[in-house]
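Quick look at what Swiss-Prot annotates:
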{"type": "MOTIF", "residues": "1-10", "note": "motif 'Nuclear localization signal'"}
{"type": "DISULFID", "residues": "19-25", "note": "disulfide bond"}
{"type": "REGION", "residues": "139-173", "note": "region 'Disordered'"}
{"type": "COMPBIAS", "residues": "150-160", "note": "compositional bias 'Low complexity'"}
{"type": "MOTIF", "residues": "509-517", "note": "motif 'Nuclear localization signal'"}
């Protein structure tokens, strides 16, 4: 028997509307619509004994009471629709409009008998143009000079008169000289003196002179107390530690030993594979499989190599066989003090039927060679300083050469020999070949060499540009067989003195040798 499908009934509000008049409403619908459930009764009975005021705590929507919800730290809320408070300004605003009111004269009515010509009259309105501008200029006269008397000398001799006028004296000029000095902290002045030619002492003297005289400061009176020489600011010594440090911030040995015990150097858990190929430092993926180079890709991250299970690809390097992943480079220091570049790899050697791959962990590493330090070079300070200057005197550092005037070294015949112009190179033509004819249409023919009881060799004529190679030693006096003879080819031994000839064994008919095992 099939179970009837359950049909969802209508909402409680719609059911209450239709069944209330008929009196067939279910009890749960009546309680829900009329709010007579157990929860509603608890609230009704509880509200009779407890009063919460206007907090609005009930089964209805939360409104926060009559004042609404107010966030902490803020003032009362503003209700929408209220009349805002207008704040009047403290100053009385000025009215906008013309400042001066110009009166307009009224015109009398015009009669018909009045002339239509309007006489011109002067306007009595206010002048819109500005009036006269008063200019006030203050004149400050310069300092008045005292009057100078110019002497005039008059001389009279005879009939001519000579008038001598003395030049006007020049008034004294007022000159003002100012000087400004700025201090540069990046520039340091070296006050040490350098022994040069003409100086008799190394004392530091400061001489201040002017146009009328001078005064010497320092070095005049000897010191009567025992003094101590302080080293110059540029002379210092660097103490080398023993043993010398290889890094600027050396680490503790205990930490290095703790790091060596675990990680990639654990030989029990990780296979150690040294790599000699320099591609391991820049492009390690080329050691795992053949591929094209991508100049944009940087191989400084972990690389994963996917390989089909049904195919087997031989890697370029046998040490990277069955490598699935190759980690990023790690730099460390070996006990000998070298820099080591390491990469952690994972092999996938065994594959199960379910598709799982099992392999060992591999540590690929390469030790970089050391950089030998060169011998230190003694450097000197640039500038003028004392104690390290070098003075070279010309007469003392001269070189004297004793030259014999009797000999004439300019004679080329006596000084040099023609044997220096001879070429001492020995030319060796063993194994060379002589080519006769052009190289454009050359043909090569191989001539068989027949071994006979007598030592004799035969060659083809080489007069039409053919190239014949003779790998064995040959004698000049040999017989020549022409390519197109008029008669049948017959081999004649010229060294035979009997006067007869015989057919060469290579020209006879060969008989097949019967094998017993066939």
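Placement of Cβ uses the backbone N, Cα and C atoms for every residue, glycine included.
Taken through DSSP, the motif 'Nuclear localization signal' (1-10) splits into 0 helix, 0 strand, 10 coil. When averaged over the motif 'Nuclear localization signal' (1-10), pLDDT in the model lands at 75.
Of all Cβ atoms in the protein chains displayed, 19 besides its own lie within 10 Å of the Cβ of residue 25 (disulfide bond).
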